[in-house]
Every structure is written in structure tokens, then in C-alpha cells.
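Summarising the annotation, Swiss-Prot assigns N-linked glycosylation site to ASN206 and lists sequence analysis as the type of evidence. The annotation transmembrane segment is assigned in Swiss-Prot to 97-117, 153-173 on the grounds of sequence analysis.
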Amino acid sequence: MVAPPQLRALLFAINALLSKRRYHAALAMLKGFRNGAVYGAKIRAPHALVMTFLFRSGSLREKLRAILQATYTHSWNLARFVFLYKGLCALQSHVQGKTYQAHSFVSAFIGGLLVFGNNNNINSQISMYLLSRVLFALCRLGVEKGFIPEPRLDPFPWFSGLVWGLVLWLFEYHRPTLQPSLQSSMTYLYEDSNVWHDLSDFFIYNKSQPSK
């Protein structure tokens, strides 16, 4: 099917605009917004689907609404953050005439305050997800730069043992300090497995099904 001349002219004009170097920073912000929205939806929707149907009570409509709300919030926040981060980086580079490493930190710091500063479940999950990876990366950077002696043996087994020891101790004795979705997951694993009445809720279901 051949596109009408008006559509071909429009596409030609858009592609010509996209190829102009002078608009690259602004266009990169727009594409960053697009990619943030898509990526946020792709990673949040499956997670929200599983967590909602595993742990949330309520009608099907309420569950679907919760899934859509969580997906929208994650997607919208990530899109705004990428847009703001790229814009602030471009602005600093333009003002100072070149790019410095500090630009990334300053831009992301401001974006984090403005976009992810609201203390809710989704922002909390995202920040904690990043925290674990930041700590790992900083340890590796410390070894790379010589600030931390390179270990002779792989420290990962000790790290894993420490993490699991701490999280189960917190769950058993200081549960309110843990993030709600982690509490739900650990309750399913370590508390619900202590209770059963017959084969149905021992093997087939987690909890007894209400009689109709």
C-alpha cells in the first residue's frame, strides 16, 4: 500500500528534523521520556500482576485497578526522571562548555528528589533495588581504584550469608522495619508453611479454600 503524498512529506520532514544535530539534546530528552515510560511499564506490569494475585485480596476489578495504577506510577515516574536527568545534564554541559562527571550526580540527585522523593511503596522498591547495586558497584570501584584490598578468596558466599541472616532476623523480630512487599513474600514462605489442615492446604493450596 502506497502512502499518500501528504503523509510521505510529513515523514520526510520529521526524519529531516530528527537528523539535525542542533536539536539532538532536546530530541534525546523526548526519546528518553519514551524509553522510560516503556521500560517502567514492562518491568512493573508483570511484577504487579504476580504480587497482586498472590497477596492482595479484593475483587477482580480492584486487583486489575491496583495493577494498572502501579504500572502507571512506575512508568510515569521513570519517564519523568529520564527526561529531567537528560535535560539537566545537557543544560550543565551547555553552561560550562564541556561535560564533567559531577553533572551526572547533580542531575540524578535533583531528579531523585523531585520524582522519587515521595515515600511510597513503588518509589521505595525502586530505590532499594538501586541501593543494592550501588553498594556492589562502589565496592568493585574501591577495589579497582586500590582503596579496598583485593580479596584473596571470593567474598560472595560470606556476603550472601550475612544478607540472609540479617533479613530473616529482621523478619522474625523486627518485621515492621521491612518493606511491605518483602514482608508479604516472607510471610508466605516462612509463616504460612507452618499451618495446614489437610492435603488441600498442605500441597495444593497455601490456605484452605472457603466452602461455598
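The chain as shown is numbered from 1 upward.
Every residue gets a Cβ built from N, Cα and C, even glycine.
Here the transmembrane segment (97-117) has Cβ contacts under 8 Å with residues 77, 80-81, 84-86, 88-89, 123, 126-127 of the same chain, all six or more residues outside its ends.
Within the same chain, the residues at least 6 positions away from the residue listed as 'N-linked glycosylation site' whose Cβ sits under 8 Å from its Cβ are TYR188, ASP192, listed in sequence order.
Counting only same-chain residues 6+ beyond the ends of the transmembrane segment (153-173), those with a CB under 8 A from a CB of the stretch are 182-183, 186, 190. For the recorded site, the residue listed as 'N-linked glycosylation site', the DSSP three-state label reads coil.
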